[in-house]
């Protein structure tokens, strides 16, 4: 009877019982669950959160399936499955018959009890297999089919391994009958194993790509593949074990140039965003961490960590199970190595190889099974990492949709987290709590960092969980093994590790401190970079590129300082832990060979070294795990702090279910995060001092009517609107206002809505003062995910005065508008934003100053045709506007505010009689455009004026908008069609396809180009650096074979009968070699990381300089998300992972070469031949892996940009999204973006596993070949055999790691490739050109424009056509013209944003094309229509680089009337809002969003007053300012800029009517250029026609002002 047969049978019976128990548990669970249901179907309706509402709105039960409802060839699958299961049934039944017959013979022959029980156990095993097969034959349940197949496979695989091992063991009294029975049973088990291994668990599936991917990627899928779901859902056991379901991806990539998202199979349900989001949200609601009476501190990170564990319990248990198996399988091969080498010591002549064969088989199989198990372990960790990443991203996004918009209302400066400008904050105690302001998240870029960097850091911890479980267990197993080898010497050596235990605590504190500071510096840099990119035009206007480059570089220097510190700590820590096993080895060998005097044989020496090496990996992985764990925990705390921030409150409807808009003694203020986890005393108190409060408001807005909210700049009008939307803090009183349901815009495609059902009662729409637009077409921005209703859409375009604009744009309403509507003028942005509200289904529309961005004529049109038009009938409109005279007459209810107080509320008649109105309109001495005049315009429409203004010369409805599409480089026809023509032929109108403003992100194909490698290598250092680098790595690699060679020599001393040297001699040499190698191995990383930090600095400086100096058209046509992706995620990879991959690739490559040479020396030609064959296979696999891996990494980077874009858009526009009820729609879009990005990431890791399992199988074969060779060759001594086998382990490891790290290096180099792509951009002209102009230039301010021709690109038409004019010194010129006339192009030409095609501009006798950009732009000043300020303090906004005294700054603020002219102390009550402009240390939030648009414009004007440029260009500089303040600003211009030359682009005719001259542009040509008085006296002039169009009373006023003395006189 073969050895261990009974034990094998008993073990197999135990496995059967475990299988049966598993079936029972799963069946009971399925019965209990009953059916698939959404996570919140059974929860309390009174406890709903936004996340739960989103889940209910977005998902259906049908979406929580892998696609079995659309199974492909299902009947054919079940037919094949039944056939294979029937075959398994007959094979296992045959085995039962064979064992039954053998049982009968055993009873007859009286073979003994052991044999009988062996037969019984094997019969029971085979009958159980037959039962499983038979039970599943008739079933069509996919889950039961998969479970039964995998159970049969697992059981037969176990039986095959055990029975084969038993058969290979040397015979022990075995007769022929037993042998026949045994081999027949093995054959039948193998047959059942083979059949079950190839049986699929489920049919191939199809799932609609539109439910997974974003629309852009779905449109690229050609052709549509039917079986488009990952085959892992129905893979056979063999496919799962070998990851063969990924072969399809590799084959496709091998036959095609590059792979696209649509070419990849859809990821399985377990990692899809929708499924994970609902489950994670349910876990957060249901599970709170509580241990007895202890609960974690809010924001500590523990509760979120616990919830992640609860959400991923099954995956964590899988990791634990695989880890436990891995710990055992790591050391089983060393048992076989020990026994094999020991057998060679006992039998050097190889007279009996029977046991040797079993050792070789055991060595091969244990390594193979260990590798297969470890790949399944890595699969589980990869799935866990992906799941955590998706779960955190989705709940963070949901929180952003619900969280108070603190980022827009609060103020934070970049220096707030920086104790000293010289970075002295690094002196804080290591491991200190995250700095006090970490939880504020007042910057939108900080929120973006949470969703990107922090989420990645937390999810990466999943890859380290294995080490947390493995390392302690490995140490325990290794200790037992070493005790068997070395006895008590093992404990003496291992006791040394206790000395290093405090290192964990010390290093952890240092790592925590360094990581905190690194993350803060990175947050600060990305935040500032985000602001700079958003304000790039201002930077170029002000010539601030160099100064802000220095500021960014300073922050980057601190960031790299902490990165270098982190590297230093990591390398030192790793060096210490690498020294631990070495010292343990030396102490153990000393105690064993010297102290105890034992003989160190080759079997003991090399097995001990192998175990110590394995122990080295266990110990050395601990510091890396600790470092990653600390980094992840820091990020986890930050995420939890954000998640625990306060959310907006949904106010209840009226007591009777009505939709009243009522405020009762309500006091509101800008939102503050008062949650304990994020509250910071210092910052909150600072903000509290400048907190604006709107107190004691009692208002009742009439339903279905127009209400007007007016007041001076900064009086709190926007705060009132946001309070109605629930976006601010209600401090006291009551507020009732309807809110849009979160799924208002989430309408299934193809849905038709009846016109009478279009308006949804209680739904809201909001148009902010600064238009929020998506990076999409004009049409998409207006529809805002609602169905396209042609009639309503066309009427919306007409009433919002957009028809003529669309005629100008080459692509019409399909024209892309870029990020933040960059291709549109301020007026166009406002009207597109207004059109979105008009088209919406809202019954209540809140409009924040939409008329300020347009000219007077367009304002009249919007008021009459839009606000009072048919589309607004029956809708509640609350309008904030400075156009008080225009809007008050038609308003049913008027609210006037002043400094946070309601000074009037009531009807329009009472408003006019109250006297409040007089302080908000033009002064009486400038004439009146009174109510009767407005009535003339509305009622009579001034028929005689219309007759005078011919259609071909009249200003269209979009007159005087600036920064228009044509001026941004989009060609336009010379004339516009009438509205009627546009509306009559909307569908048939032929138009060129809309140009793609922002092209799809480029993605390189093939291997990393040589120039990319050269870029990175040169950035690291010169030839001297690389010489030192190679020298250190070569010497470190040679140390390992020297150690093993000396150990072989030492352990072979008894065989050589060496008596000349004692054990101390050998131990000293061995210790010297080992310590020298450790020193080199540690030092080489210091060399490499120094070069890496240098490269990071060089590459960042290069990219920053190029991006800041790039032409403005580049910034207009590139997504900010792409640039932030480079500056953020890509540089994080370059900083933290690229160097490691490079070093380890070189290390493994050199080590592999040295190892091959060493083994060839021992194994000879046979080993060279076997290695060559296996090497070819390695190359084939690596080639496939490298090509596909690069493409997937690039695809991962490309698909990440849309995800970043939707993050950025949502963070910036969350009040608008919530107001429109678009939260569910944005959540659905975000989930699609997440799935689109997860797909290449998932398949990248599946590819890694596919390659690793095959390569590791080959490495197992290499080790097996070495074992067979040393067994067959008597010339190989036991010492040499141990040497070869130890290196066989190294070569297998080196091959795997070399391929993995080199491909990882190529994938990491994709970041360099992407950075280099943007490092070679077309640049603007030289900053400085010699000879430079005099320092006093321009001293006069004279402008001569001679035959100026400008176009934006060679393939685009001219925008300006031979313009010539002269501006005398000190003249004030008004510039008017319709959209596309060239106003803004002319303004940009002065700053050389666009270079002249021909002609020239001369300023004070100097041609500006001959002057450096720095010298030119620093001498000019522009106040743009869209004011741009950066975060910081009021002082830093006005005096960015500390060039002025406080007194000068205060005087500038007085000049623009932001503080009173007489700065006296004013007694303020408790409820009075302080003037924040009195304190220069007042905080300014990102983009100045804690100020109104008017206040920001006044700040920009104050900055212009400080700079005192001779030539000033004003582009609608006071459009958002109330009329009273505008008059005061006019006086300021008269006083402050009297001797300066001013060019003003204006919408308000009063702004330029008293200028010296007015320039009227049309089609890029000057039509009229003369004084206003002369032009108005000429009744045929177009300026006269424009003035007459304002009405008789206003025309008279304009005439009087024009005849007065010009302000420049």
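Here the Cβ of each residue, glycine as well, is placed from N, Cα and C on the backbone.
Marked as domain 'ABC transmembrane type-1' by TrEMBL: 446-631 (among others).
Marked as domain 'ABC transporter' by TrEMBL: 678-924 (among others). Mean pLDDT for the domain 'ABC transporter' (678-924) in the predicted structure: 82.
Per TrEMBL, domain 'ABC transmembrane type-1' is recorded for 1030-1307 (among others).
The domain 'ABC transporter' feature in TrEMBL is assigned to 1343-1588 (among others).
Here TrEMBL flags 6-25 (among others) as transmembrane segment.
What TrEMBL lists as transmembrane segment is 150-170 (among others).
Taken from TrEMBL, the feature transmembrane segment applies to 176-195 (among others).
What TrEMBL records for 316-336 (among others) is transmembrane segment.
TrEMBL lists 461-483 (among others) with the feature transmembrane segment.
The transmembrane segment annotation in TrEMBL covers 489-512 (among others).
What TrEMBL records for 573-593 (among others) is transmembrane segment.
Annotation source TrEMBL lists transmembrane segment at 1069-1087 (among others).
The annotation transmembrane segment is assigned in TrEMBL to 1152-1181 (among others).
Among residues of the same chain six or more beyond the transmembrane segment (1201-1221), those with a C-beta under 8 A of the stretch's C-beta atoms are 214, 216, 397, 400-401, 403, 405, 407-408, 444, 447-448, 451-452, 648, 722, 725, 727, 739-745, 763-766, 768, 772, 774-775, 784, 819-820, 836, 840, 842, 846, 1001, 1119-1122, 1124-1125, 1229-1230, 1233-1234, 1236-1237. According to TrEMBL, the feature transmembrane segment maps to 1201-1221 (among others).
Feature annotation from TrEMBL assigns transmembrane segment to 1251-1273 (among others).
What TrEMBL lists as transmembrane segment is 1279-1299 (among others).
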Practice task
Using Cβ atoms only, state whether the transmembrane segment (316-336) and the transmembrane segment (176-195) have three or more pairs under 8 Å that are 6 or more apart in sequence.
Solution key: no
Completion exercise
Sequence-distant contacts of the transmembrane segment (150-170), meaning Cβ under 8 Å and at least 6 residues beyond its ends, amount to 2-5, 8, 11-12, 15-16, 19, 22-23, 88, 125, 128-129, 132-133, 182-183, 185-186, 189-190, 192-193, 196-197, 199, 201, 237-238, 354-355, 357-358, 361-362, 365, 369
Completion exercise
Sequence-distant residues near the transmembrane segment (1069-1087) by C-beta distance (under 8 Å, 6 or more away from its ends) are 567-568, 571-572, 574-575, 578-579, 582, 585-586, 589, 1025, 1028-1029, 1032-1033, 1035-1036, 1039-1040, 1042-1043, 1046-1047, 1050, 1143, 1147
Problem - Long-range environment of the transmembrane segment (573-593) - Cβ separation under 8 angstroms, sequence gap at least 6 - result: 482, 486-490, 492-494, 496-497, 500, 503, 507, 511, 599-600, 608-609, 612-613, 615-616, 619-620, 622-624, 627, 1063, 1067, 1070-1071, 1074-1075, 1078, 1081-1082, 1085
